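Undergrad: This structure is in C-alpha cells; I'll ask about it shortly.
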Amino acid sequence: MVVAVYPGTFDPLTRGHEDLVRRASSIFDTLVVGVADSRAKKPFFSLEERLTIANEVLGHYPNVKVMSFTGLLKDFVRTNNARVIVRGLRAVSDFEYEFQMAGMNRYLLPDVETMFMTPSDQYQFISGTIVREIAQLGGDVSKFVFPSVEKWLTEKVAAMGGPVA
C-alpha cells in the first residue's frame, strides 16, 4: 500500500488543489492532505477553518484523509508512513523553490520520493493568494473555488469589515 502526503497551507483550498487531489488520489492507495499550521505565514483562515474547508471539499474521496500538522514535514511524512510527497507546480517560478525543498526532503528522508504534478490547464494561474486578494476586493471568485469555499471567503471578508474599495 503506497501512502502519499500532499502538504500545503490551503488558504483557501482552490479548484486547483482539488484537481491535484483528485488526480493524485487515483495514483496512490491513500493520499493524506496535510494542512500546515504555518503561523509564520499569517494565514487568512485559522487552522481549524482550513481543516473544515478541506474536509467539506475533499470529504467524498474515499482514500483521502485530511489532517493538520505542525513542525517539520519530515515528521508528518514519517507519522503517516508515506513513501511519496506530492507537490504542485503551476509555473516555472514555482520550480526553483520546490526543487530546493525536494532536495532537502531527500536529504532528511532518503527513502521518500517527491512527485511534482502540474495542474490542469484551466487551473494553472490559480493561487490561494490571488483568490484571497480578489475576494477582499469584492471580486467574483466562483470560478476558482467551490461554492462552500466562496461562502467561507464571503463571510470572512464581511467579518473583517467588507470588501476593500
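FYI, residue positions are counted from 1 along the chain as it appears here.
Cβ atoms here come from the backbone N, Cα and C positions, even for glycine.
What Swiss-Prot records for Thr9, Phe10, His17, Gly88, Leu89, Arg90, Glu98, Tyr123, Gln124, Phe125, Ile126, Ser127, Gly128, Thr129 is ATP binding site. If you look up Swiss-Prot, you'll see Thr9, Lys41, Leu73, Arg87 marked as substrate binding site. Positions annotated as site 'Transition state stabilizer' by Swiss-Prot: His17.
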Undergrad: Using the structure shown, find which entry in Leu73, Leu89, Ile126 (the binding-site residues) has the sparsest Cβ neighbourhood within 10 Å.
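TA: Leu89, out of the binding-site residues Leu73, Leu89, Ile126, has the fewest neighbouring Cβ atoms within 10 Å.
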Undergrad: Out of Leu89, Glu98, Gly128, point to the one nearest Leu73 (substrate binding site) in space (Cα versus Cα); all of them are binding-site residues in the record.
TA: Glu98
Undergrad: Reduce the DSSP letter at Gly128 (ATP binding site) to three states and note it down.
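TA: It is helical.
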Undergrad: Using Lys41 (substrate binding site) as the reference point, find which of the binding-site residues Thr9, His17, Ile126, Gly128 has the shortest Cα-to-Cα distance to it.
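TA: The smallest Cα gap between Lys41 (substrate binding site) and any of the binding-site residues is with Thr9.
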Undergrad: In three-state terms from DSSP, label Lys41 (substrate binding site) for me.
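TA: Note: Lys41 (substrate binding site) is helical by DSSP.
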Undergrad: How far apart, in Å, are the two Cα atoms that lie farthest from each other among Thr9, Phe10, His17, Gly88, Leu89, Arg90, Glu98, Tyr123, Gln124, Phe125, Ile126, Ser127, Gly128, Thr129, the residues recorded as binding ATP?
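TA: Taking every pair of listed residues, the largest Cα separation comes to 18 Å.
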Undergrad: Specify the secondary structure state of Glu98 (ATP binding site) as given by DSSP, simplified to three classes.
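TA: Glu98 (ATP binding site) sits in a helix per DSSP.
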Undergrad: Sorry to bug you, but what's the C-alpha spacing from Arg87 (substrate binding site) to Gln124 (ATP binding site), rounded to the closest Å?
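TA: Given the Cα positions, Gln124 (ATP binding site) is 14 Å from Arg87 (substrate binding site).
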Undergrad: Sequence gap of 6 or more, Cβ distance under 8 Å: name the residues on the same chain that satisfy this around Arg87 (substrate binding site), in order along the sequence.
TA: Tyr6, Pro7, Glu98, Met101, Ala102, Thr114, Met115, Phe116, Met117
Undergrad: Compile a sequence-ordered list of residues in the same chain as His17 (ATP binding site), six or more apart from it, whose Cβ lies below 8 A from its Cβ; state 'none' when nothing qualifies.
TA: Gly8, Phe10, Gly88
Undergrad: Measure the Cβ-based neighbour count of Lys41 (substrate binding site), defined as the other Cβ atoms within 10 Å of its Cβ.
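TA: Result for Lys41 (substrate binding site): 10 neighbouring Cβ atoms inside 10 Å.
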Undergrad: Identify, in sequence order, the residues in the chain of Gly128 (ATP binding site) that are 6 or more apart from it along the sequence and have a CB within less than 8 Å of its CB; answer 'none' if there are none.
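TA: Non-local contacts for Gly128 (ATP binding site): Thr9, Phe10, Asp11, Pro12, Leu13, Thr14.
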Undergrad: Any idea what DSSP makes of Leu89 (ATP binding site), helix, strand or coil?
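TA: In the DSSP reduction, Leu89 (ATP binding site) maps to coil.
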